[in-house]
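K.L.:
What follows is a single structure, and I will ask about it in a moment.
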Ligand SMILES: C[S@@+](CC[C@H](N)C(=O)[O-])C[C@H]1O[C@@H](n2cnc3c(N)ncnc32)[C@H](O)[C@@H]1O
């Protein structure tokens with residue numbers, strides 16, 4: 001992929017862009033296998049390759065410059081404001097959306113926040129596109145409530161110029177700190193969720209709920225977890241109780257539950273645990289759309305849930321943030337002793353550390369999903385089985 005910003009040394013966010021894509025993927029795979037070498041023997045499946053560009057359906061843009069001439073992008077290590085409205089990682093529609101958003105910033109006189117002076121109002125623009133529908137969700141991250149009224153006043157103009165825009169919200173982030181978003185959110189549109197669909201599963205993206213940046217590879221990741229579960233069930237494994245810890249809007253659990261039900265005609269019991277209430281509401285809506293009845297999505301801390309649990313599920317799905325599961329949760333998983341674990345990780349280092357804390361489990365399968373092409377980041381799915389005692 002050619003990127004003019006990278007070539008001019010303005011943006012180096014894609015740290016590996018100087019390597020041909022095939023070499024990037026081979027290197028990630030090799031690093032992963034080396035990291036997990038102590039857990040041999042296991043089957044290392046071929047890495048799932050991404051598109052090289054236009055795969056990133058979520059943009060987090062710092063708002064810089066002035067309201068008359070706004071810049072949407074980053075401040076690079078040299079301290080320069082770099083406009084990334086034409087970043088080739090985004091789908092083609094984002095360039096037009098950013099042009100319209102810049103006009104809106106001018107119209108509503110939304111002064112970009114200046115970190116050094118602690119002045120201004122608009123900190124970030126967060127934009128999501130649904131891969132399935134092409135519809136958009138836009139969030140303005142503001143320092144104070146001062147500009148809510150003016151954004152509301154001009155909202156009809158924004159929506160007329162960007163007809164794909166379904167959801168618009170304001171997030172309040174009053175702190176002078178490197179924090180992307182705050183806890184208060186106002187949704188300004190009648191539509192409060194962006195509809196997505198990966199494989200056969202409807203998913204709802206809302207402000208304040210996590211969703212994967214690369215939906216095409218996320219679809220492959222969910223489909224793979226689903227196929228592994230179907231294979232286990234076909235080989236006679238009992239998979240009647242599933243937990244999906246760190247479930248977000250429910251991607252893994254909903255795929256697993258609906259696929260296993262399709263295979264046997266019997267719906268497994270699914271418990272999904274996630275800290276963000278907005279994501280839980282989305283997961284509940286999707287479960288209802290799928291007609292699943294034996295589902296309980298709960299807004300809780302995963303470690304607290306596991307600590308209080310007495311009985312293990314048959315299949316434990318975990319997909320923690322970069323920090324991994326941590327020692328306490330690994331201890332509770334060991335105590336509960338589910339037979340099967342699917343571990344999806346976006347940080348192989350913390351994954352490797354967690355595996356050391358799960359000595360009762362044998363690693364069977366490893367697969368890399370390149371959600372983050374041109375970077376050193378890797379998403380991995382593992383299949384673990386409790387060792388015979
Ligand atoms: C890597 S994301 C995975 C989300 C989801 N499994 C998916 O496929 O999109 C990690 C999720 O863990 C949630 N999370 C973070 N800390 C948590 C905690 N202590 N307990 C439960 N969920 C947590 C985040 O809000 C986020 O949705």
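Keep in mind that glycine also has a Cβ here, set from the backbone N, Cα and C atoms.
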K.L.:
Out of 171, 199, 319, which does TrEMBL tie to the same S-adenosyl-L-methionine site as 212, 246, 274?
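P.N.:
So the S-adenosyl-L-methionine site in TrEMBL includes 212, 246, 274 plus, from the candidates 171, 199, 319, 319.
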K.L.:
Would you list the other residues of this chain near S-adenosyl-L-methionine - those whose C-beta lies within 8 angstroms of the C-beta centroid of 212, 246, 274, 319 - in sequence order?
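P.N.:
Other same-chain residues near the S-adenosyl-L-methionine site: 210, 244, 247, 248, 251, 252, 320, 321, 344.
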K.L.:
Would you mind listing, in sequence order, the residues at least six apart from residue 212 (S-adenosyl-L-methionine binding site) in the same chain with a Cβ closer than 8 Å to its Cβ?
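P.N.:
Residue 212 (S-adenosyl-L-methionine binding site) has long-range Cβ partners 218, 221, 251, 371.
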K.L.:
How many other Cβ atoms are found within 10 Å of the Cβ atom of residue 246 (S-adenosyl-L-methionine binding site), counting all protein chains shown?
P.N.:
20
K.L.:
In DSSP terms, helix, strand or coil for residue 274 (S-adenosyl-L-methionine binding site)?
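P.N.:
DSSP call for residue 274 (S-adenosyl-L-methionine binding site): strand.
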